[in-house]
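Some features that TrEMBL has for this protein:
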- GLY98, GLN99, THR100, GLY101, THR102, GLY103, LYS104, THR105: ATP binding site (BINDING)
- 535-587: coiled coil (COILED)
- 384-395: compositional bias 'Basic and acidic residues' (COMPBIAS)
- 396-415: compositional bias 'Acidic residues' (COMPBIAS)
- 416-431: compositional bias 'Basic and acidic residues' (COMPBIAS)
- 10-345: domain 'Kinesin motor' (DOMAIN)
- 376-431: region 'Disordered' (REGION)
Amino acid sequence: VMSKNKSSESVKVVVRCRPLNRKEESNGPAGSIVQMDLRLGQVILRNPRAPVSEPQKTFTFDAVYDANSKQGDLYDESVRPLIDSVLAGFNGTIFAYGQTGTGKTYTMQGAWMDPQKRGVIPNAFDHIFTHISRSQSDKQYLVRASYLEIYLEEVLDLLDPNHGNARPLELRESPESGVYVRDLTSCVCKSIKEIEEVMNVGNQARAVAATDMNEHSSRSHALFLITVECSQPGPDGRKHIRVGRLNLVDLAGSERQAKTGVQGERLKEAAKINLSLSALGNVISALADGRSGHVPYRDSKLTRLLQDSLGGNAKTVMVATLGPAPQHYDETLTTLRYANRAKNIQNQPRVNEDPKDALLREFQMEIARLRAQLHHRKWRTKQKKEQVDGEGWERDGDEETEGEEEDEEDEEEGVEKEAEEYVKQEQRLEREKQDIREDQFMLADEKQRLLGEKERMMGVLRKEQEATEQLTAKYKAMESKLLVGGKNIIDHTNEQQKMLEGKRHEIAEQTRSEREIQQQMLVRDEETVELRETFTSLQQEVEAKTKKLKKLYAKLQCIKAEIQDVNDEHVRSRQELEQTQNELTRELKFKYLIIENFIPPEEKNKIMNRLTFDPEEDQWKFQPLVPAERSVWVLDVGMLFPSEPSDMYFKTLQILWTLQEKRENIIIVK
């Protein structure tokens, strides 16, 4: 059941600029093209190719962080409130967006071993488990983690032990949980160490390669998913469960082949990365525009997975990363424009309360069932022991029965350890009662008196047993109090740390509110400057109006320059798309050539008949091959290329060998 809170909030956008690296510094003394006003949350971008008279471009965001900013500052001010919301049952997403080599992975992960350089993800781990350790004792938590990557537009499970040969996972959608990944590995984590181990296992499997712009360039989009389920008793006495989901997204950077120098497989990866980032940009533009009825979430796997995070049920923080070097001006401007549009996206976050599929509830029910089973087993064991003891007394010396009794006592020894003495005494009293009943020489009145006395003794024994259990419980409570007493110092330290974090949070909130007030004052000052102005002479009024005219003319020039930049960017994007289209068309024609010349028509028809369209995945798939009589035929590639081997020869041979390995009816290639 979802809460009915329909309040909307904007996507929070923060911008971070890395320092110049050694390679960029050695290129010349041009300096940084990015300036940041931390107080107003503004980014000022200078065009290195434009004349000095051209006005600089200014963008305003929720917060900005320059090259001297610390990881902790960004987390405390921009990320901590989001993690608190996730712990309260909201969905949350943090993703870094920007050109390759601008510090996205450093911002998200950082240097794990250095507390000052730990990124968003390790700080979030620490935040979640610290909050759980300090929560009240009546709350129960279950934390699960999953890790996936989108590589070449295929969703892969990074926690799968057979990751290298694993099949791509499928995306599904349900009304309750939205878009999810089918059969994705989910690990239950009970500590920071365990969830860090999950992260490390996934990082070792992630696709990374070197390019001219980044020595450790991410070749895939990575999503680390954390689910926090919390159970606590409500006013009605029943346990209420809420589920918060946190998506930590490390996007691969957009890149241009001319700058990165990638070829072959790296070029194919770059094309897929740019395609998915272009789809993400289209989604951001459609949501920010507000007039478009269709949002193209299905254009890529990335946008489908981020569907709730952009315009849906989630609180979202976007960290846009910039490069300050003059040669990256175009990419920096594009990133700032996308980030500026993302500010206008409205989400509708709501608390996820009491979901039907809450795994924590299943765990609790299983524990309660096992506990009831254990109590029942103890009771049956006790009854069985008493029965066996009675039979043994009657037969007195039946070795087989005594052996069975000893075996059963050995089997149940662990279960009855705490009450062993009381069980023996009860068994002795039961045997004595049985002796009295079977004694034929004793009078009935005497029998009744003795049986009553034995019953009284058994009642006393039961009371003594209950008193012992109460004493044991008190002892355990006292022991736990002693342990709690030992923890009081730790608790006191935790309280101080909690207060310190609270103060830090207050400072961050105050800084954020001051920045918002200053931004609002700046806008209002521009709007009310005319109302406050009074003129003592016509000359003074002419000067003021001239000044205002110049200001408006400068704004007009900025808008014209912006329009020209957008047109230039559109032309560049179109040229890149045309180039990609030409390469794909050439590849397609080459494959058609192979099909028409090397694949028999009947084999081609078999392949075509196996094709089916999956509307959920929005792509064509092969049906499983039905075993049948297979035609073995020999293809002599040497006859096709009688002259010296060429590139076309080797490429054709490679494709034919691939078909043979996939068992596509080409059996022997000479």
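In case you wondered, yes, glycine gets a Cβ from its N, Cα and C as well.
Unlike curated records, TrEMBL annotations are generated automatically.
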Least Cβ-crowded entry, counting other Cβ within 10 Å, from the binding-site residues listed as GLY98, GLY101, GLY103 = GLY103
Note = Neighbouring CB atoms within 10 angstroms of the CB of GLN99 (ATP binding site), all protein chains considered, total 24
Task = Would you report the average pLDDT that the model assigns to the coiled coil (535-587)?
result = 82
Key: LYS104 (ATP binding site): tally of other CB atoms within 10 A of its CB   = 26
